[in-house]
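Here's what Swiss-Prot has on this protein:
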BINDING   ASN27, LEU29, GLY54, GLU75, ASP100, ASN125  S-adenosyl-L-methionine binding site
Amino acid sequence: MRIADKTVTRAILERHGFTFKKSFGQNFLTDTNILQKIVDTAEIDKGVNVIEIGPGIGALTEFLAENAAEVMAFEIDDRLIPILADTLARFDNVQVVNQDILKADLQTQIQAFKNPDLPIKVVANLPYYITTPILMHLIESKIPFAEFVVMIQKEVADRISAMPNTKAYGSLSIAVQYYMTAKVSFIVPRTVFVPAPNVDSAILKMVRRDQPVVSVQDEDFFFRVSKVAFVHRRKTLWNNLTSHFGKSEDTKAKLEKALEIAKIKPSIRGEALSIPDFASLADALKEVGI
């Protein structure tokens, strides 16, 4: 019987007297078919190390440990540590780290893998309330994670994988797709969780590009410009740029010049710009002295 089997999950929770904490966004998956699909989507085998975030009682960890070389699972809730020691006792290739992933020194931690030179994949059922900070923290880290296969809120998955000229497209799409390809693999209904969340989830697969999708003079400024363009989605690019950078005649003249260099119409909205468009705009703004 699998940990994710509903009767087994309930028995584990009762045996340990565990109660869910809303502050940790805990929703445990109880569908073994979906867990197998996650492992298949991530293409986990013995030539790969895995980092898992929020293992809960070990439902996904069990599947990962059977397929991966090693699994390092970060769990912030110390009440779950003895439960994981119980449920994962048969595995000698799992390390459970009782730490907030955002505070972990991952560069040091991954040296604890028996073979730290193997490709590392991130496979996780991420808490909804902190999905974006965790993803951006890991993507922007200096660790070359090969890919991410994460279960997140469907709406966030749609935003991350969105293309220009769509309602979901925004600065988050750009921030992730600058580094990674992103595609929704399949939808997970809310009914397969204990307790059931209020929304459906999606499995998002992100694969790191060999290099960023565009070359820019200043990455921080590029991301800043992309955020500025979406501050007021219904406003034109010109309105958002002048609201942020200023409305003096000198500034407006520089903005006009930058848009001209980048060959972008001031009357369009941010959602119409592709990532290469934003790269051209950011570099042009730098060129004119903004």
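Keep in mind that glycine also has a Cβ here, set from the backbone N, Cα and C atoms.
Annotation note: ASP100 (S-adenosyl-L-methionine binding site) sits in a coil segment as assigned by DSSP. The Cβ of ASN27 has fewer other Cβ atoms within 10 Å than any other of the binding-site residues ASN27, ASN125. A count of other CB atoms within 10 A of each Cβ picks out GLU75 as the most crowded of the binding-site residues GLU75, ASP100. Counting only same-chain residues six or more apart in sequence, the Cβ atoms lying under 8 angstroms from the Cβ of GLY54 (S-adenosyl-L-methionine binding site) belong to PHE24, GLN26, PHE74, GLU75, ILE76, ALA124, ASN125, LEU126, PRO127. Within 10 Å of the C-beta of LEU29 (S-adenosyl-L-methionine binding site) we count 21 further C-beta atoms, all protein chains included.
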